[in-house]
Amino acid sequence: MATVIWLHGGACNGNTQSFLNAEEPTVCDLVTDFGVEILYHHSISMEFGERARKVLEGALNGNPPLDIFVLEGTVILGPDGTGRYDMFMGRPMKDWVWDMAHAAQYVVALGDCACWGGIPATAPNPSDSRGLQFLKDKRNGFLGPDFRSKAGLPVINIPGCPAHPDWITQVLVAVASGRADDIALDELQRPQTFFSTFTQTGCTRAQYHEWKEPVEEFGQGTRKGCLFYEQGCRGPMTHSPCNRILWNHQSSKTRAGMPCLGCTEPQFPFFDLMPGTVFKTQKVLGALPKDLPLGTDPVTYAMHATVARMAAPKWAKEDMFVV
Ligand code: SF4
Ligand code: SF4
């Protein structure tokens, strides 16, 4: 049994849409079979107005005790630190967020915006947005670096733009069934079970990455070839299980011919670092990708790439489609 309050800051509601599409378990399963009691959620609660306020204030006063606080979206501090760009029930949303985070046993940041600020916090960050415990890859989010929830854990970050429904529900189930302490987190406070491998793991194009065979033009993504060399795919440097835990249980961006944009990493959407490079690979000397797979030595990689391209077998160069 676990009570949940879910609030919405500066964001598009994509994580709620993703959550409502959960299949294993479904949102209904969470309630009927796993004892998750959603006290308040901005999109699915029956309560609004004064009745919603009573629910929220009740949770802050321990009536009933709050187990899980989920934030979707950024914490908005603007203008001038007042938070008045984002008002909720007569108060700046940032004040509700602060109080809920300090009342809950566990705090979950859901989606890039809540984890690191995401698109709203990208420079010039006009709403003065923050993630709950991070701002991009720095630990200077709204709650501060030393924040610990009542159960003694830092914010559990479930990034993604949006997060996959299974990443969300499985974390809620772990907490509701008393297994929260088993959720090992990485250095960015993401559950390791989802974020220790790369998007490239399980990608059906991986053999073309090995032989350095590119998809040459955007829009030819269903043709064979790797999307890294010409389309800016960030699969080799992005921690996500998108090709292990498939979307809609049947596909992924790269399977559909869409380059990975690296949405589970704190620097997403990378505009500050590499303006104008979505769907475009940054090149060194006009040929080799500048943004190499994590852990590779640039010189060795350059030699390997040259040899692999020269040695690529006939099948790797044939014009075919991949799924
Ligand atoms: S770079 Fe992208 S398309 Fe190529 S193998 Fe890796 S994940 Fe797949
Ligand atoms: S493939 Fe990349 S951009 Fe797409 S959801 Fe997965 S991590 Fe995000």
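Every residue, even glycine, has its Cβ placed from backbone N, Cα and C.
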Same [3Fe-4S] cluster site per TrEMBL - residue from C226, C242 joining C260, C263: C242
Filtered binding-site residues, from C12, C113, C203, C226, C242, C263, whose Cβ is under 6 Å from an atom of ligand 2: C242, C263
C263 ([3Fe-4S] cluster binding site) versus binding-site residues C12, C113, C161, C203, C226 - nearest by Cα: C161
Listed binding-site residues with Cβ under 6 Å from ligand 1, out of C12, C161, C226: C226
Cα distance (Å, whole number) from C203 ([4Fe-4S] cluster 2 binding site) to C242 ([3Fe-4S] cluster binding site): 9
